[in-house]
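These features come from Swiss-Prot:
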{"type": "BINDING", "residues": "Cys39, Cys42, Cys57, Cys60", "note": "Zn(2+) binding site"}
{"type": "ZN_FING", "residues": "39-60", "note": "zinc finger"}
Amino acid sequence: MAKRTKKVGIVGKYGTRFGASLRKMVKKIEISQHAKYTCSFCGKTKMKRKAVGIWHCGSCMKIVAGGAWTYNTTSAVTVKSAIRRLKELKDQ
């Protein structure tokens, strides 16, 4: 493995290649894709990325389709909140 420093973090493996601004963009993406997320089924922080858009919970063993780099996409969150709001209006 290549040496990483405090400043560059996970993108230290690229060395001086590709330019600083591109490495900063990739750093943001790689940190979010390697992070563990909270499972929406069991509530534990065990949701990890298996492949592009496929997320697996190590606790309840659920496999969920999500975003490519993050568990929830912004459009999915918007749709979920709209559905929840419509259900609440229907119940009233």
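Keep in mind that glycine also has a Cβ here, set from the backbone N, Cα and C atoms.
Secondary structure by DSSP for the zinc finger (39-60): 0 helix, 9 strand, 13 coil. For the binding-site residues shown (Cys42, Cys57), fewest C-beta neighbours within 10 angstroms: Cys42.
Counting other Cβ atoms within 10 Å of each Cβ, the binding-site residues Cys39, Cys60 show the lowest value at Cys60.
One way to see the shell of the Zn(2+) site is to take the Cβ centroid of Cys39, Cys42, Cys57, Cys60; the remaining same-chain residues with a Cβ within 8 Å of it are Ser40, Phe41, Gly43, Lys44, Lys46, Met47, Gly58, Ser59, Met61, Lys62.
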